[in-house]
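Below is one structure, written out as structure tokens; comments come after it.
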Amino acid sequence: MAGAATQASLESAPRIMRLVAECSRSRARAGELWLPHGTVATPVFMPVGTQATMKGITTEQLDALGCRICLGNTYHLGLRPGPELIQKANGLHGFMNWPHNLLTDSGGFQMVSLVSLSEVTEEGVRFRSPYDGNETLLSPEKSVQIQNALGSDIIMQLDDVVSSTVTGPRVEEAMYRSIRWLDRCIAAHQRPDKQNLFAIIQGGLDADLRATCLEEMTKRDVPGFAIGGLSGGESKSQFWRMVALSTSRLPKDKPRYLMGVGYATDLVVCVALGCDMFDCVFPTRTARFGSALVPTGNLQLRKKVFEKDFGPIDPECTCPTCQKHSRAFLHALLHSDNTAALHHLTVHNIAYQLQLMSAVRTSIVEKRFPDFVRDFMGAMYGDPTLCPTWATDALASVGITLG
């Protein structure tokens, strides 16, 4: 296996991350990603737009909130509208009129989310389209080819994804296959000077398999690494231990992207564990259920208690929704057939995530991150000592106590 890395690592990958500050107690770090469409401050939360758009928010609004990188989905974009059409629009940036950075996933996650429509072999993943029923093969080469056509700033290797609750030989098979597919992705990548290919660490909840994957993949000189195969139903205790194992063995000078994580507590804890980048559909999805994210958790604005509440969602939030609209107004909209409330809540929830990560970053730079964590947990749970046990244990493992 080690021999396969030699050819794949012939050309030195660009260094796209500059560390600005590090927490002296935990593994938390603040940095900058130097990408083709501008600098991105880290830690960073990246909103998810499956098909070249966010649900409930425009690119102009996303820009105004300060978002400098968001996600697109290779599998869905590859099927519809298709890479050929997007390429004619000067890539995904031109197609969606987005002036900042884009990260496209490889399509591998659809092995889990569309498991009834997919079949995995060494060749790749054979899908049956949810749109027209036609069969298509997504190989490592095809995934990279589509992402090269899309022109995203960060592209992801195709990995063999299994649910985090799966155990046994399938997990080992997927881990080793992901290493082989990484080499095929590196070989197929036509634009390494303009698009940064990230590897994805697999291995499920097996520490030995994760360690093997980390050892092999870090031999490949790629610009960054993602931690995959988590946030899929495993216990939080299992989750944080796999994250901590991964960050302890990933290169310090390269970005660490924890895939599929978006709950506020998870973000803060995983920054402490050493992660730099996060994505999740949670803030937009929860908005569609009438839920607004706030420092104390969330507000279910459909509830009658908000019917005559004329305050903003969050008095400290600077987003357009909080500046212009009351809880009572949003409550009324949610009980009508008007979809505007979902739009307003999406704007707020994404703003909340971005503002949270900005505050986390500032606390790292100002060398007060442990105090920030205690204040955050105190607001979220009423008292930092009432924080969930898994989070307390995870933070203690990197030197942050909540008592």
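The backbone N, Cα and C atoms fix where each Cβ goes, and this holds for glycine too.
Checking the candidates HIS189, HIS343, HIS344, HIS348 against Swiss-Prot: the one annotated together with CYS317, CYS319, CYS322 at the Zn(2+) site is HIS348. Record note: among 169-173, 284-288, 294-298, 284-288 is the stretch given as region 'RNA binding' by Swiss-Prot. Looking at SER129, SER139, Swiss-Prot tags one of them with phosphoserine, and that residue is SER139. Which of 148-154, 260-266, 358-364 counts as region 'RNA binding' depends on Swiss-Prot, and there it is 260-266.
Of the residues GLY78, GLY229, GLY232, Swiss-Prot places GLY229 in the same queuine site as ASP105, ASP159, GLN202.
Comparing Cβ neighbour counts within 10 Å across the recorded positions ASP105, ASP159, ASP279, the minimum falls on ASP279. ASP279 (active site, nucleophile) is 13 Å away from GLY229 (queuine binding site) when you measure Cα to Cα. Long-range Cβ proximity for CYS317 (Zn(2+) binding site), meaning a same-chain Cβ under 8 A and a gap of 6 or more residues, is found for HIS348, ALA351, TYR352, GLN355. The recorded positions SER139, ASP279, CYS319, CYS322 include none with a CA atom within 10 A of the CA of GLN202 (queuine binding site).
When every Cα pair among ASP105, ASP159, GLN202, GLY229 is compared, the largest distance found for this queuine site is 15 Å. Taking the mean position of the Cβ atoms of CYS317, CYS319, CYS322, HIS348 as the Zn(2+) site, the remaining residues of that chain whose Cβ falls within 8 Å of it are PRO312, ILE313, ASP314, THR318, PRO320, THR321, GLN323, VAL347, ALA351, TYR352. Counting residues 6+ beyond its ends, the region 'RNA binding' (260-266) has Cβ neighbours under 8 Å at 45, 109, 230-232, 275, 278-283, 293, 352-353, 356, 376-377, 380, 387-388, 391 in the same chain.
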